[in-house]
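Copied over from Swiss-Prot:
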type	residues	note
SIGNAL	1-34	signal peptide
DOMAIN	36-118	domain 'IGFBP N-terminal'
DISULFID	C40-C68	disulfide bond
DISULFID	C43-C70	disulfide bond
DISULFID	C51-C71	disulfide bond
DISULFID	C59-C74	disulfide bond
DISULFID	C82-C95	disulfide bond
DISULFID	C89-C115	disulfide bond
DOMAIN	204-286	domain 'Thyroglobulin type-1'
DISULFID	C207-C241	disulfide bond
DISULFID	C252-C263	disulfide bond
DISULFID	C265-C286	disulfide bond
Amino acid sequence: MLPRLGGPALPLLLPSLLLLLLLGAGGCGPGVRAEVLFRCPPCTPERLAACGPPPDAPCAELVREPGCGCCSVCARQEGEACGVYIPRCAQTLRCYPNPGSELPLKALVTGAGTCEKRRVGTTPQQVADSDDDHSEGGLVENHVDGTMNMLGGGSSAGRKPLKSGMKELAVFREKVNEQHRQMGKGAKHLSLEEPKKLRPPPARTPCQQELDQVLERISTMRLPDDRGPLEHLYSLHIPNCDKHGRYNLKQCKMSLNGQRGECWCVNPNTGKPIQGAPTIRGDPECHLFYNEQQETGGAHAQSVQ
């Protein structure tokens, strides 16, 4: 069994960590061998040296950056937000979509998940039967072995692993399509029983529209080879939207090949890059450039008047 991620053992552990796409929330049951569909490249000494010093703030636990990053960050604790772009949950926790989420996968992509204690004793079928909103389960991030689950909703004990990445992605695509079908049925039901109370859905923001396009592309993605779905997912830019549907100031590519992704600053309404802001592998401090842009725009408006 591997020791916990953190402390002096961290550089020795990173080269052996794997990024897995599994069925089941939090790993496989007894006697079931997990199928490796995508393996993160090893963290070379050069990549580790580029990380710099560990976080200044005291951390209860250090974990790897999201994706295939090699640098260490503070783990999120129970009750804190989690998702694709947000640091991983602590070792004993898992990232789940909030109860009642209409699109659990989308909630996790946008960082609207919550770190919770691992849910035990629930099979994927039981989750689907008890609540359609949870049919996609949670994005599980195991910070000892790097496991990520984008499909399962509970324990996978007794469940046979899929034998090909194509089958894995087919199940994934079907679950995404099922969400859209369920939403359509709900809208028809409301229109028949409560025509007076039915309100038109709010207009989708540019960030939400871009995210919809990415999710649609994922739902129709095909595997031309045996590299696995995660490698194709890393080639996509998933927009980072806030809870109001606006672009977050900082947008980043996912970490890959042991190197953190590039980050840049955008206008929260349009998603267009802020002029003068850098594109770096780190924090470009977007709030400074956005505030400067706002002040410049306000001064220009006053001069025109």
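Glycine too: its Cβ is placed from the backbone N, Cα and C atoms.
Here the features listed in Swiss-Prot are placed on the structure.
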residue: C71; record: disulfide bond; contacts (Cβ under 8 Å, 6+ apart): L48, A50, C51, G52, R64, E65, R260
residue: C74; record: disulfide bond; contacts (Cβ under 8 Å, 6+ apart): P55, A57, C59, A60, E61, L62, V63, P87
residue: C241; record: disulfide bond; contacts (Cβ under 8 Å, 6+ apart): T110, T205, C207, Q208, L211, Y247, N248
residue: C263; record: disulfide bond; contacts (Cβ under 8 Å, 6+ apart): K250, Q251, C252, K253, T279, I280, R281, G282, D283, P284
Please name the residue among the disulfide-bonded residues C43, C70, C207 whose C-beta has the most neighbouring C-beta atoms within 10 angstroms.
C70
Taking only C-alpha atoms and a 10 A limit, tell me which of C43, C89, C95 are near C68 (disulfide bond). These are the disulfide-bonded residues.
C43
Going by Cα-Cα distance, pick out whichever of the disulfide-bonded residues C82, C89, C115 is nearest to C286 (disulfide bond).
C82
With DSSP assignments reduced to helix, strand and coil, which class does C51 (disulfide bond) get?
coil
Which one, from the disulfide-bonded residues C51, C59, C68, C115, C286, has the smallest tally of other C-beta atoms lying within 10 Å of its C-beta?
C59
Between the Cα atoms of C89 (disulfide bond) and C82 (disulfide bond), what distance do you get, rounded to the nearest Å?
7
Which ones, of the disulfide-bonded residues C95, C115, C265, have a Cα no more than 10 Å from the Cα of C43 (disulfide bond)?
none
Could you say which of the disulfide-bonded residues C82, C89, C95, C252, C265 has its Cβ with the most other Cβ atoms inside 10 Å?
C89
Residue distribution over DSSP helix, strand and coil in the domain 'IGFBP N-terminal' (36-118):
11 helix, 19 strand, 53 coil
If you measure C-alpha to C-alpha, which of C70, C115, C265 (disulfide-bonded residues) come within 10 angstroms of C95 (disulfide bond)?
C115
Suppose you look only at the domain 'Thyroglobulin type-1' (204-286); what would the mean pLDDT be?
82
Near C115 (disulfide bond), meaning Cα within 10 Å, which of C70, C82, C265 (disulfide-bonded residues)?
C82
Alpha-carbon spacing, C82 (disulfide bond) to C70 (disulfide bond), which is rounded to whole Å:
18
